[in-house]
Amino acid sequence: MLYRFSRFISKRPLIGLLTCIVTALIFSIIPSILFHFPDFRDPKMGFEARGTELAKRLSAWNLLLEATRPSGPLTSNPDDETSVNIMNNGQVKQYRSSFLGYNKNKTKEQKEQPIIPLDQDELDNTTPLPTEEVPYQEDDGFGSHHKEVNWTAIMELGRDDNKGGGKRKNGKHKNRIYADENGDEEENKNQDKQSSSTWRRQHESYFCGPPSIDYSHVVISSTNGSDLLSLSSIMATCQIQEYLTSPKEYKSLCQTKGDREFTECCPIWSLPNYIAQLNKKKTCFDITEQDIRQTKKLLETCAFDFAAKKDEYLDCEVDSLYPCQQNCTVYNILHFITEKNYLFPPKEKPQLRNAIVFLPLAKSSALLDYYKNIISVGKLEKNHVTITAIDFGLKEILFDDLLLHDTWLIAAGAGSIVLFIYLYTSSLFLTGIIILTISQSLGVSYFFYTCVFNIQFFPFMNILAIIVALGIGSDDAFIVFNTWYNASKETTNVSSIDLYYTVLKHASIAICVTCVTTVAAFLTSIDSKITAVACFSIFASTTVVVNFVLMLLMLPSAIVLSERMRSISVFNIESLLSGYVDTFLSLFTEAVFRLKYFWLIILSVITAMSAVIVLYNPTLKLPDTAEFQLFTSDHLFEQYDFKYKNMFFFETFEMPEGQLQDYAYKMPLRFVFGIIPEDNGDRLNPASNGELVLDPKFDIASDKAQVWLKNFCKRVRAQPFYQSTQGPMLSNCFIEPFVEWMKVKCIDPVDQQKKFPCCEKYGFPYPKKVFNTCSVRFTNSLYKTPSSFFTRGITGPKFSKVHNDPQKDKREKPKVRAIVVEYDSNVSYTSSYIKIRNFYSQVESWFHEELKTAPASLKNGFFLSELNFYDLQDALQKDTINSIIVSIIVALIVLMFSLMNPVLAIMAIVTISSIIFVSIATLVLLGWKLNVLESVAICLVIGLSVDYSLHYVHNYKMAPDKSSRKNRVEYAIKMMSGPSLMAGLTTATTGAFMLPSSVLGYVQIGTFLIIMISVSWIYANFFLLPLLLVIGPVHGWAQFHYPDWLCSTFSCSYGGDDKTRIESETTSVTNERNSDMRESRELDTISGKRVSPPLSTRNQSPASVETEAGI
């Protein structure tokens, strides 16, 4: 078959070339017609784990939250299907943490609303609950924090006071003093309250409400270490504020205040403006030293109280007489404006180094032009105060903008590749065909990716396949061209068909082996749990295969056409560069031969040190933040996310070790029953979340399930990882308050209303019908309970929604389909992989043992917490290690079968392993961490590090003189030094052109390419070649051969001394050759039509080339 193809391109090279080009072009165009161009506006899509045990649980949990929305099949309150279930993350944070700037328990509106009584009409003739206190029993499963809870008082909160005999006062807030009970005290405080109200009105008229995380903000810092609370710093900050408000876009984007006829932008929330407001100054330029001293004294005085009573500061809008809580000023300054290390922990002489300036500009894509304006002018520094970080909510938008803007760097790199290819081939025609082949390999690969594999998600990481195509494509082109030249020099009177057959046979074997090993390395990541990594693995592997096919189909035809056109060249560069090339080759060969032991020792030591760095210390660290870096570290957006963000209370999610741990977010202990932890969505598409799978065995109404769940809640609170929650939390464990609620009298002694069957008549555990009926009523009563005792939507039972059944002509009753039990742990949230792993392992192993005793209806329960980032860390670590190990094993197997020499295969694997260790160690020393991009880079190291080593080993095996290691190494150098050098230069130059980019992905790609290519080239030339000189096999030692029947089917390649095998192989195509010999010789005899020699063999005598070729 290979011979027939050789005959075809010999007779009709133009038809073959045009057919390939047109076919590849059609394949490349089809995806652009059927699909939209990839959108990288959310570059972090796909950067989550899919398919892990934790990922399945997290997916099931998210689907449960979606299912309980108004449009979903489940509801948290079956009696109010139209109510909005409060399940969003923002309110979870509001429930969980106070240090983020939210009210921990109640919002202002909730505090001002009177307590809503239970709706008696919906309780089916129920009556108010008994007034006697329910005694606590130790065996009921309540923890110590429940002992002081007056359950009767809690249940009384839901009663109608008009029936219960009480009289509720509709006060505005909890600090209100009622005139009917304390008239004298109220009158005595009227004067002070009026003064406070006047002050508050002045405050509210100055600012447009409090600052918010949703407003754009910048960080100002002192460049010389001086205090920002000094007069000079305050004045400099005022000047920066003026600059920020000067662009024309500012007035059209800012939030305004005033009436319709006259509006002005709201003031900036900044330290100077707050000082001016506190000291009744018109502008910040009027501030004096005395004003600053008074403000500092106020902040230092209130700091301890702020830390101790932080929740009370959330109510600072009330008419408090306490100076620290007046008008929210102290709270806003300490919480939003100043860094938390300013006064925490207390210092003798506190110095403020960093502060926030909030602009009245909502974060949005509309700020892009405003951002470019203030950045382009560059007036971000005044005296010793400068803007060091920015958060405008533009990170993804700007990334998408710069991603396209910086493509000129890739174009410049491609231009350098064109130059190097032209220098090597001296033919514009061949240069154009090579570039066209590489570009079309990407287009055809995209066709297979989208149309054949039907993968709908194209992550940003797939752009790295361009580098793969450039590196592999140029390397393959240099090898084919070099093989062609050496084969054409071997004899002077050979038919073109025989020549093409020889070139295709040898070149195809060389590039096929590299193709297989590279594809195998990439495919080891196809099972990666990270979606973006798996997608890259598929696309990169497809690109390598398509590039291999197109290179073999298009480049030989192009060489034939170029030869017949006598090579179109602009100028003759042979005389210009040949002398330098010969000098380089001579020095290179001398360095390898004479210093072989030196190179072996030095590079072996470097490899050993690199192994220690990678495997022992410091190792490739896991990411320590969930933020994904898009720009270089000095970019103002990245400075905010990675350096300054955690310096301020309103942004802090993870507290400093040993500081203010009481305010740290605690990892929740969340146990879910009734849901199968399954991710049935498309693993390669982040937008495909699948569908919620309910547990068909789940039945919480069974006697065993009720008892087990009640005891389970008690055992949870007895564990060392449990942390008591202050106050009654009725939603933590549904079964416990439900049991207490069921202890009421069946007939209310006051109004004689019946509560049957939800009363003391039935003991625990309850019959199924009673449980199903009363659980609905109990849940309805919970949803009418004040939020200080019950947080909606987070935990508790999830019911199926009622609907009319037309066949049965009745309304189906709601049923508990899932239940969530949740408590706080005593482990604070942290990005530390080790700490979270220990926490997860401890709770998971304990819960696994608990499930062994659970009834069948609850055995599919699962535990989860805030583990998304931990799951990503765990997947990155495991996938990367597995990928390296599997890639090396697969490469060894491929080398064994391709070389049929275990000694050469082992030597090549040792070299490849050294390249991997040294490359990764270099990345570690540069401070890289194992994030998604770095994981893909390591995958590239494995895929691209095999090329040079494999080509040298292959040519060592193919050397015509096998009696001497020196002769075999000389042959390998002469055959591969040119292609390997040019391929390395093209790839490294491409990487160098990407370094000026502000997009981190481009910079990291460029850095990685330079490191990987340099290390790979050095080790292939100065480690592998000396190793072959010292212990390389000679003669036929350890050389195995394929069986004859296999060689008669496929073209086998052997060295020059295997004449009998070559003759046997040649006999199989003799008849075809004889029939074409005459026509072929008439068409094109080699004499006088040789292509221009590549750089690596120029200025060599024909005799020497003939001797060295040996093909």
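Cβ atoms here come from the backbone N, Cα and C positions, even for glycine.
All annotation found in TrEMBL is predicted automatically rather than curated by experts.
Predicted, not measured: the structure shown is a model, and the values here were computed from it.
The annotation transmembrane segment is assigned in TrEMBL to 14-35 (among others).
Here TrEMBL flags 119-144 (among others) as region 'Disordered'.
Per TrEMBL, the feature region 'Disordered' maps to 158-201 (among others).
Residues or ranges marked as compositional bias 'Basic residues' in TrEMBL: 165-176.
Residues or ranges marked as transmembrane segment by TrEMBL: 402-423 (among others).
Per DSSP, the domain 'SSD' (442-561) is made up of 101 helix, 2 strand, 17 coil. Here TrEMBL flags 442-561 as domain 'SSD'.
Annotated transmembrane segment per TrEMBL: 461-484 (among others), in sequence order.
TrEMBL lists 504-523 (among others) with the feature transmembrane segment.
The transmembrane segment feature in TrEMBL is assigned to 530-555 (among others).
The transmembrane segment annotation in TrEMBL covers 597-616 (among others).
What TrEMBL records for 880-897 (among others) is transmembrane segment.
For 904-926 (among others), the entry in TrEMBL reads transmembrane segment. Remote same-chain partners of the transmembrane segment (904-926), defined as residues 6 or more beyond its termini with a Cβ less than 8 Å from a stretch Cβ, comprise 603, 606-607, 609-611, 613-614, 618-621, 884, 888, 891-892, 895-896, 934, 937-938, 941-942, 945-946, 949-950, 953, 956-957, 1007-1008, 1011-1012, 1015-1016, 1019-1020, 1023-1024, 1027-1028, 1031-1033, 1038.
The transmembrane segment annotation in TrEMBL covers 932-950 (among others).
The transmembrane segment feature in TrEMBL is assigned to 971-995 (among others).
Sequence annotations record features per position, and here TrEMBL assigns transmembrane segment to 1007-1031 (among others). Residues 467, 471, 588, 591-593, 595-597, 599-600, 603-604, 907-908, 910-911, 914-915, 918-919, 922-923, 926, 937, 940-941, 944-945, 947-949, 952-953, 956, 965-966, 968-969, 972-973, 977, 980-981, 984, 987-988, 990-992, 994-995 of the same chain sit 6 or more residues outside the transmembrane segment (1007-1031) yet have a Cβ under 8 Å from a Cβ within it.
The region 'Disordered' annotation in TrEMBL covers 1061-1111 (among others).
Under 8 Å from some Cβ of the transmembrane segment (530-555) lie the Cβ atoms of residues 16-17, 20-21, 24, 45-50, 430, 433-434, 436-438, 440-442, 444-446, 448-449, 453, 455, 457-462, 464-465, 468-469, 472-473, 476-477, 480-481, 504, 507-508, 511-512, 515, 518-519, 522-524, 683-686, 872, 875-876, 879, 932, 935-936, 939-940, 943, all in the same chain and six or more residues away from its ends.
For the domain 'SSD' (442-561), the mean pLDDT of the prediction comes to 86. Distant neighbours of the transmembrane segment (597-616): 914, 917-918, 920-922, 924-925, 1018-1019, 1022-1023, 1026-1027, 1030; these residues of the same chain sit at least 6 beyond its ends, with a Cβ under 8 Å from one of its Cβ atoms.
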